[in-house]
Amino acid sequence: MTTVMGICRSFRDRAFARFFHCFPCLSDPARRSSWGLKVTLVMLHLIFVGILFVFDGDLIEKTKKEPWYTALYLLLLLATLVQYFITSSSSPGYVVDVMRAVNETNVIYQKSSMASKQPASSQNGSLNVVIEGSQSGRNFQGSNPSSWTKLVMDMYPPGTSIRSCTCSYCNVEQPPRAKHCHDCDKCVLQFDHHCVWLGSCVGQYNHCKFWWYICEETALCLWTGILYIMYLKANISRPCYLVLTNQTTYELVRRRRIPYLRRIPERVYPFSKGICRNLYNFCCVRSSIYSLEPLPSSQELEEKARPYTCLDILTCRCC
């Protein structure tokens, strides 16, 4: 028995090793969790939209008559999913990446200055750095780490201690508005929050992309909610209305063609015994008991046609 279990474990380990070799992005547990969230979010979108196109006959008919309506809806769905993957795969702007870029720029500038025999002069103003990728280690090794320190300290008021600007986790100098994210284990420029569904932080570099994703997701949710409300209104509100008024679909649709209902006003329900009694008879009375309902008398119809007053509401006449 032990030998069989050992063989099964060995086969399982080899299968996982081959799978992770083919898909190295899933070898990291954090990445697997992130991809799991992404797949879950995509599946939720497809399920909610698919239910409409499978069960909503009115939407299918509208698609045949007005295909542009459904095309716009599906285009919004596609744009939302594309924007989600763009936002989730973009870097929020990690401090360690910017620090590396600043130091590399400073080294290149010093080499070019030495080659042209011109002294390196310091330039005031902001330094624009393009962040490419998010692969960076926790420990930074730069050629001239003092360049980043000087750049950060110049952003704070004179006399600010460098210890108060240094992250106790990353051991890097944080510029203003930066914060350490414990989920990503990195400091982020203009840290907004860590989004679980994105699997990363929202910062300076991807804040605009995140805003566009939220706008598209909100529009998609509102549109989908309206479609669901229309579906429920068409398929659930009418049956509930019939139960509460003790009517059948035939009596509601063909009221003017039924001889014994033709002369009764539209808002008078001759077989209704009140909302509570109608619900009780519909839900609680045994189906094995057959009940034959006679037509109400003229006096009963006049009583049902009488408008409700405040006293009738207090005495629960409608029930």
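Just so you know, glycine gets a Cβ as well, placed from its N, Cα and C.
Here is what TrEMBL says about this protein:
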- 163-236: domain 'Palmitoyltransferase DHHC' (DOMAIN)
- 35-55: transmembrane segment (TRANSMEM)
- 67-86: transmembrane segment (TRANSMEM)
- 210-231: transmembrane segment (TRANSMEM)
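Per DSSP, the domain 'Palmitoyltransferase DHHC' (163-236) is made up of 33 helix, 14 strand, 27 coil. The average pLDDT the prediction assigns to the domain 'Palmitoyltransferase DHHC' (163-236) is 90.
Long-range Cβ contacts of the transmembrane segment (67-86) within its own chain (Cβ-Cβ under 8 Å, at least 6 residues beyond either end) map to 38, 41-42, 45, 49, 59, 198, 209, 212-213, 216-217, 219-220, 223.
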